[in-house]
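A.B. asks: Pasting the relevant annotations from TrEMBL:
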BINDING   64, 83, 85  Mg(2+) 1 binding site
BINDING   83, 86, 228  Mg(2+) 2 binding site
BINDING   86, 87, 88, 89, 191, 222  substrate binding site
DOMAIN    4-146  domain 'Fructose-1-6-bisphosphatase class I N-terminal'
DOMAIN    156-279  domain 'Fructose-1-6-bisphosphatase class 1 C-terminal'
Ligand code: AHG
Ligand code: MN
Ligand code: MN
């Protein structure tokens, strides 16, 4: 596992350099989810693949930017799912972006996830790690080309931020009402459109709610289970918060397709309980 974490750290340093120095334009390709790939999406994917390929304990890789699973070492123990550059459409406006990694064993279900890591490329580069085996969520910062431990992250029982994702005109009436009620209760809007910085902000400011619901146009939401939703669910749970699909725990969800998506809510306990109550009462 330590070797995988080292490879992720090397990838993060290289991706940071690529973001700073390389072309921010698009390629002519569309990925599995239907997004037009940026040159930086492809480049970040290659950097991570190159670094993870050096690790003999990895059995296979699966990336948001690759249609198929890439087999590495048949005797390897770990399966690594990753989103090389999350929020990449924000690159051209110079907002923060990130990379997300889920390190799985045996399969790609929520219950198979052992370790989650994400990296935020903002004014500073920060990396957050959570493991199924520990109750601490560690935050590290890139200082002089090394990741140094800064602190453990812990959510409060109730927060102040509300990050409501997806297209409002496609929300259900009860979802809209729930989001409105949070604002009436004093919550502040914080939504950049990058899952990594938006969830990082809620974690570091003590709590709140990030939602990406199922909608009329996208009943299964937009965010991908293996590369985005499961890794953050482990981080939020270990930080003392929770993550549900509206009613059920995200990490109890199974994967039938590696690029599959699901509705998701991440937050501190108070807000997640509120979502659960609303959805249990209203969802069919
Ligand atoms: P990606 O750049 O990897 O395709 O992911 C973008 C995701 C996520 O970061 C964000 O929360 C969400 O898309 C934003 O979607 P909307 O534009 O629908 O708000
Ligand atoms: Mn993403
Ligand atoms: Mn991406």
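Count begins at 1; order follows the chain as displayed.
Cβ coordinates come from backbone N, Cα and C, glycine included.
The shown structure was predicted, so the numbers you read here are calculated from the model rather than taken from an experiment.
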A.B. asks: Using CB under 6 Å from any atom of ligand 1, narrow the binding-site residues 86, 88, 191, 228 to the ones that qualify.
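C.D. replies: Listed by sequence, the hits are 86, 88.
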A.B. asks: From the Cα of residue 228 (Mg(2+) 2 binding site) across to the Cα of residue 83 (Mg(2+) 1 binding site), what is the distance in angstrom?
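C.D. replies: Residue 83 (Mg(2+) 1 binding site) to residue 228 (Mg(2+) 2 binding site), Cα-Cα distance: 7 Å.
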A.B. asks: With DSSP helix as H/G/I and strand as E/B, how many residues of the domain 'Fructose-1-6-bisphosphatase class I N-terminal' (4-146) fall in helix, strand and coil?
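C.D. replies: Its residues divide into 41 helix, 57 strand, 45 coil.
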A.B. asks: Measure between the Cα atoms of every pair in 86, 87, 88, 89, 191, 222, the residues the record assigns to substrate, and report the largest value in Å, rounded to a whole number.
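C.D. replies: 16 Å is the greatest Cα spacing among the residues binding substrate.
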A.B. asks: Name the residue among the binding-site residues 88, 89 whose Cβ has the smallest number of other Cβ atoms within 10 Å.
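C.D. replies: With the binding-site residues 88, 89, fewest surrounding Cβ atoms within 10 Å: 89.
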A.B. asks: Residues near the Mg(2+) 1 site, 64, 83, 85 excluded, by Cβ within 8 Å of the Cβ center?
C.D. replies: 41, 44, 45, 63, 65, 82, 84, 86, 88, 99, 100, 227, 228
A.B. asks: Taking only the Cα atoms, work out how far residue 86 (Mg(2+) 2 binding site) lies from residue 222 (substrate binding site), in Å, as a whole number.
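C.D. replies: Residue 86 (Mg(2+) 2 binding site) to residue 222 (substrate binding site), Cα-Cα distance: 13 Å.
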